[in-house]
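Summarising the annotation, Swiss-Prot assigns active site, proton donor/acceptor to GLU133. Annotated dCTP binding site per Swiss-Prot: LYS107, SER108, THR109, TYR110, ALA111, ARG112, GLN152, TYR166, GLN176, in sequence order.
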Amino acid sequence: MGLKADNWIKKMALEHNMIEPFCEANIGKGIVSYGLSSYGYDIRVGREFKIFTNVNSTVVDPKNFVEENVVDFVGDVCIVPANSFALARTVEYFKMPNDVLAICLGKSTYARCGIIVNVTPFEPGFEGHITIEISNTTPLPAKIYANEGIAQVLFLQGDEPCDVTYADKKGKYQAQTGITLPRILK
C-alpha cells in the first residue's frame, strides 16, 4: 500500500472527479491553508455547523441520537464553546476509487490551539461530503473559520482492489451531502 503524491492526486481529481471542487495550489496566506500539498490534500470546512448543547439535558446516545442535542449554525466563523464539540462538513465532495483508502488528520494550526479534528477513513468506493468532528478541548471558546483548511487527507492505494467497496455494501453514509448525524442501520 503506497502513499500517493501530488501529481497522482491532481490527476485523479481532474480526470476522475475524485475531489470537487479541487484547488491545485496550496492556498495559505492570511488563512488556514487548503488545497494540494506534496503528499495530501488540505480540505476546507463548509459554512454549516451543528454545535452540541446541553440545554435539553439529554444523554448523547449514538444508537438513538436526539437532534435536540445540537444547534444549527451557518456562518463564516463558528464559535465552538469551551470543552464542547461541533460537527461540520467539507466544502469538497469526494468520489473514492475502489483501490484507495484515505486517512484524514487535523491541521497543526488548529491542534496547537486545542482544537482536535476527527474524521473516519474514506473507504474505497465511498462518495459524498465528509462529516467532520471538531472538539474544543480548551476552557475557552474557539473559532473555526469556514471555507478555510481544517484537516489534511492522505491517500493510500492498495496493492489490489478490495472485493467489497463501501458502495457495494451500501454504506449508511454513502452519497451524503451536508452534515450527517449518527446513523444505526436497523
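Easy rule for this one: first residue shown is 1, then count along the chain.
Cβ atoms here come from the backbone N, Cα and C positions, even for glycine.
Locations of recorded Swiss-Prot features on the structure.
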residue	record	DSSP class
LYS107	dCTP binding site	coil
GLU133	active site, proton donor/acceptor	strand
GLN152	dCTP binding site	strand
GLN176	dCTP binding site	strand
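Residues LYS107, SER108, THR109, TYR110, ALA111, ARG112, GLN152, TYR166, GLN176 are listed as the dCTP binders, and the farthest two of them sit 34 Å apart at their Cα atoms.
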